[in-house]
Amino acid sequence: MVGFKTLALHLAAVLPALAAPVDKQATQVVPNSYIITLKQGASAASFHNHLSWVGDVHRRSVSKRDTTGVDKVFDLDGFTAYSGSFDAATLQEIKKSDEVAFVEPDQVWDLYTLSTQSGAPWGLGSISHRKPNSTDYVYDPAGLGADHYAYIIDTGLDTEHVEFEGRGTLGYNAYPNSQFIDKIGHGTHVAGTIAGKTYGVAKKASIVSVRVFDTGSVTRQSTTAIVLDGFSWAVKDITAKGRQAKSVISMSLGGGRSEAFNAAVEAAYQANILTVAAAGNSAWDASQYSPASAPNAITVGAIDVDNVMAWFSNYGPVVDVFAPGVAVESAWIGSSHAEHDVLDGTSMATPHVSGLVLYLKSLEGFASAAAVTDRIKALGTNDVVTGLEGTDSPNLIAFNGVTA
């Protein structure tokens, strides 16, 4: 049953912006927790030696107190980093290392979802028609996404939901001591828009769930390091299975701008793994947030049924395209495994574009991340979004190219 859902997870992220996002994010730093990115070209041996050195420095520090040292390690082709909890003395030694490119604080990340009431699933009509207010989804059956994969970095997935017809799998849980299940609903809703049999853009695509939000958190928040852990797993899994040309990473979440996370997104892009990211719900410049600000992510803002930019949507030149993000109906969690509900947010706009990536990959056979990005921008409907005045945003709506 479609009903009213409250998933406004962090009020500061959904209210109209009255101050610069730097001020908004200032209270979102995880105490004593940092992400350290090494300079490009670090060998496996030098990385191992660096980590050993950090461990020694931390153990010798008389002021380490409750800090735990290195916690997570991130090792992708073109991106080498680690996260952990360090005292000031250890951190200072790390910063002085010639091997270190930059150090940044770990930050709190949020899901980009708001509250809404019942409505119609108009989003599929929007991406298959140039004119607004269509509720018919027109598509080429060859673009349904069979043998293609959506890696959804989110809250988990109801794999038994009827929308997914057995195409959903549980890939990686960044909270190993917590059950791999979607008790929040956000990840299931996103997955339904990408690949659900009723609500999905790419209705036959497979779903790989990467869980980076814990159900035990009242505020439903995560951190840069935890999300980066899930992202790194997804990149490695795609690479190991040779799925670069058949996959997309979908991220309906974000936090304060992170150079480390943006570097990881770029490393994935250079390996032909495309990331689609939500612009954010702060009604502010998306360049202040990650992964929205990653240069080669496809960053998605939200519009309503009349092609008006949503009041909450982040904006600016880092946004690549707009998509339906107001009153979006999709799959939801529940004991019947057949629930559905309606939500607002750039979280809801993003999976429309993630699904479109898989649709175009399966239909037109794009092998590179750059090629499918260019195709989405070329197909988009130009100059029909209103409410963009003064935002320096592209006036472009995602479109699948089927109708005139």
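Yeah, the Cβs are placed from backbone N, Cα and C, and that goes for glycine too.
According to Swiss-Prot, the protein carries these features:
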type	residues	note
SIGNAL	1-19	signal peptide
DOMAIN	33-111	domain 'Inhibitor I9'
DOMAIN	121-404	domain 'Peptidase S8'
CARBOHYD	ASN133	N-linked glycosylation site
ACT_SITE	ASP154	active site, charge relay system
ACT_SITE	HIS186	active site, charge relay system
ACT_SITE	SER347	active site, charge relay system
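Sequence-distant neighbours of SER347 (active site, charge relay system): residues of the same chain at least 6 apart with a C-beta under 8 Å from its C-beta are LEU111, TYR112, THR113, HIS186, HIS189, VAL190, SER252, LEU253, ALA278, ASN281, GLY325. On the 0 to 100 pLDDT scale, the domain 'Peptidase S8' (121-404) averages 95 in the predicted structure.
Counted within 10 Å of its Cβ, the other Cβ atoms near HIS186 (active site, charge relay system) come to 28, all protein chains included. In sequence order, TRP122, GLY125, VAL305, ASP306 constitute the residues six or more apart from ASN133 (N-linked glycosylation site) in its chain with CB-CB distances below 8 Å. Mapped onto DSSP helix, strand and coil, the domain 'Inhibitor I9' (33-111) counts 26 helix, 33 strand, 20 coil. In sequence order, LEU111, ASP182, HIS186, GLY187, VAL190, ALA191, SER209, VAL210, ARG211, VAL212, PHE213, SER250, MET251, SER252, LEU253 constitute the residues six or more apart from ASP154 (active site, charge relay system) in its chain with CB-CB distances below 8 Å.
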